[in-house]
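Taken straight from TrEMBL:
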type: ACT_SITE; residues: Glu193; note: active site, proton acceptor
type: BINDING; residues: Asp55, Asp94, Glu125; note: Mg(2+) binding site
type: BINDING; residues: Asp55, Ser56, Asp94, Lys123; note: 3-methyl-2-oxobutanoate binding site
Amino acid sequence: MYVQNANVPDRKPVTVPGLLAMKTQGQRIVMLTAYDASFAWQLEAAGVDIALVGDSLGMVVQGHRSTLPVTLDHMVYHTAAVARGLSATLLVADLPFMADRDISHVLQAGARLVGEAGAAMVKIEGAAPHILEAIAALTARAIPVCAHLGLTPQSVHKFGGFRIQGREQAAADRVLAEALTVQAAGADLLVMEGVPVELGKRVTAALSIPVIGIGAGPHCDGQVLVIHDMLGITPGKRPKFSKDFLAGRDSVGAAIAAYAADVRSGVFPAPEHCFN
């Protein structure tokens, strides 16, 4: 029989208001992806604040070249598996590609991820008018939302690949304006991906909600990585913004604990993990 790891520290559950308090108090937020119960237990044991069931599973679990083939059923399945391994860690789940095609679909997707699978928050990419409408509709129905700006993987074809965003002044100003609009629409959290250090700093300072960076510099309120990247098990070249935390350590748990400690102390990300 598969039994949950009993060696998990007793701690207070992480909540959406609690994340805001962490930003206010200057406590860095630790976020990491997970796609099954076994890794969820590892995150829980290491005291990770947020577990993200990302549609990145399409690439690191399913072997696709992008996140686009991931379906809502896939997301529900993996989110439910992760939920079974968590107790105090807050669970966020991605809304997959085209789940936002209309309000009816986005509400159904949000209801399944929260009500059926056990997520506490859903993540949605972009800041187009229909995305802002979706954020407002979800939050009006008590479904917390994490926005995602900068390098948004579901826009890979529009960007012409996984390219750093906001390097030119006009583009940086646009990203900052988008961040303010998703906050105004009701987002409780923002993931900023693949932007220069200075833009990550500007957005974090301008917003009252917490900003979690991935390749967005050290000034964000927290950091997130794909767990396969930070364990060094992703095929090919490791992303610049990531680090192999398993190197020199004897267990997955030790690697995750080291990542959490480095985020909280400000050691990670270092300059070599950042974009200018």
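Cβ coordinates are placed from backbone N, Cα and C, and glycine is handled just like the others.
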Between Glu125 (Mg(2+) binding site) and the residue listed as 'active site, proton acceptor', the C-alpha gap once rounded to whole angstrom: 11
Recorded 3-methyl-2-oxobutanoate binding residues, Asp55, Ser56, Asp94, Lys123 - maximal Cα separation rounded to whole Å: 12
Cβ neighbours of Glu125 (Mg(2+) binding site) where a neighbour is any other Cβ within 10 Å: 23
Residue with minimal Cβ packing [other Cβ atoms within 10 Å] among the recorded positions Asp55, Glu193: Glu193
